[in-house]
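Trainee: Got a structure for you, written out below as structure tokens; questions coming shortly.
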Amino acid sequence: MAVRVGVLGATGAVGQRLIQLLDPHPEFEIAALTASASSAGKQYRQAAKWRVDSPIPEDVAEMTVTATDPDEVPDDVDLLFSSLPSSIGAEVEPAFCEAGYVMSSNSSNARMAEDVPLIIPEVNADHLELLEVQRDERGWDGAMVKNPNCSTITFVPTLAALEEFGLERVHVSTLQAVSGAGYDGVTSMEIIDNAIPYIGSEEEKLETESRKLLGEFDGAELSHDSVEVAASCNRISTLDGHLENVWVEAQEELTPEDAADAMEAYPSLDLRSSPDQLIHVFEEPDRPQPRLDRTLGGGMAISAGGFRESTFGLQYNCLAHNTMRGAAGASVLNGELLLENGYL
Ligand code: 11C
């Protein structure tokens with residue numbers, strides 16, 4: 001029988017992608033939708049300005065949206081996907097966990113909390129065991145798992161593939177799509193013929209989340225990885241797909257061929273939404289490109305190319321679909337991981 005799930009923040013950009021990925025889904029069935037107070041009581045088709053690239057599922061269109069409040073979500077909902085704005089997530093997500101709901105959240109609040117697993121299943125599924133620490137410390141019947149920021153998800157799996165070479169220092173420079181800012185964040189008129197070399201708190205997220213993801217959990221504490229990460233972030237006029245330029249200095253010799261082989265061989269998982277090949281490696285120097293390559297693996301794969309030696313060590317480019325692999329798809333994958341590991 002399918003697990004009954006709810007979507008918190010169902011009318012936003014990531015909430016809409018979540019609905020697209022969850023209806024239909026072989027393991028999950030949407031049973032609750034929440035949004036802001038102004039949408040509560042409305043049918044979803046009236047509450048949401050639907051903008052994703054497939055029709056709104058008919059059964060979802062007819063559901064009534066409720067306020068984002070634990071008392072409004074049925075008790076037999078076992079898993080919540082949260083795409084709430086972080087200020088609201090910080091306020092209400094703990095109340096849902098206290099009320100017994102298990103939550104896979106894309107919201108940026110609490111990602112760096114020491115007892116909250118920040119998970120990319122292919123990179124650090126073992127960090128899920130932090131939930132025992134979380135349960136002890138917070139006394140929750142429910143649980144909170146987070147996925148990282150979309151631009152962090154784009155490059156961390158490529159670093160994980162290179163860990164055997166002893167990562168020392170990484171610099172990453174991003175070219176981020178406008179959809180990362182949500183529907184209202186950057187309008188097309190602001191960004192056409194332009195690039196904006198600043199995305200609020202984004203650089204810090206790449207620098208800190210990457211070290212938490214690559215850190216080690218010893219059963220009691222999580223130690224953050226010692227790799228040094230410096231990030232610079234830019235908004236460009238792509239619609240979907242974050243492209244990143246990465247420079248890596250490693251302890252061991254790391255040739256472009258070694259790096260490409262290690263990424264190509266880096267394993268995917270057999271969760272429902274896992275792509276067959278996690279990292280696609282391109283030989284063409286002008287790939288990956290957002291418009292051509294963001295939908296590889298149903299939007300859940302990462303791609304890499306442009307491997308070369310540079311003054312600052314190995315250099316390459318990588319790409320992922322920011323609202324699929326980087327946000328909604330990342331939360332769904334974490335939900336599947338929670339199910340597979342008996343947390344639901
Ligand atoms: C952007 N990466 O492209 C951001 C959006 O922490 O989940 C996602 C912010 C986050 O603007």
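Including glycine, each Cβ sits where the backbone N, Cα and C put it.
What TrEMBL records for this protein is below:
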ACT_SITE  Cys150  active site, acyl-thioester intermediate
ACT_SITE  His242  active site, proton acceptor
DOMAIN    4-131  domain 'Semialdehyde dehydrogenase NAD-binding'
Trainee: For the domain 'Semialdehyde dehydrogenase NAD-binding' (4-131), what are the DSSP-based totals of helix, strand and coil residues?
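Mentor: Its residues fall into 45 helix, 26 strand, 57 coil.
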Trainee: Could you state the whole-number distance in Å separating the C-alpha atoms of the residue listed as 'active site, acyl-thioester intermediate' and the residue listed as 'active site, proton acceptor'?
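Mentor: Their Cα atoms are separated by 8 Å.
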Trainee: Starting from the Cβ of Cys150 (active site, acyl-thioester intermediate), draw a 10 Å sphere and report how many other Cβ atoms land inside it.
Mentor: 29
Trainee: How does the model score the domain 'Semialdehyde dehydrogenase NAD-binding' (4-131) in terms of mean pLDDT?
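Mentor: Summarising the domain 'Semialdehyde dehydrogenase NAD-binding' (4-131) by its mean pLDDT gives 97.
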Trainee: Going by DSSP, is Cys150 (active site, acyl-thioester intermediate) part of a helix, a strand, or coil?
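Mentor: Its secondary structure by DSSP: helix.
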Trainee: Using all protein chains in view, find how many other C-beta atoms are within 10 Å of the C-beta of the residue listed as 'active site, proton acceptor'.
Mentor: 30
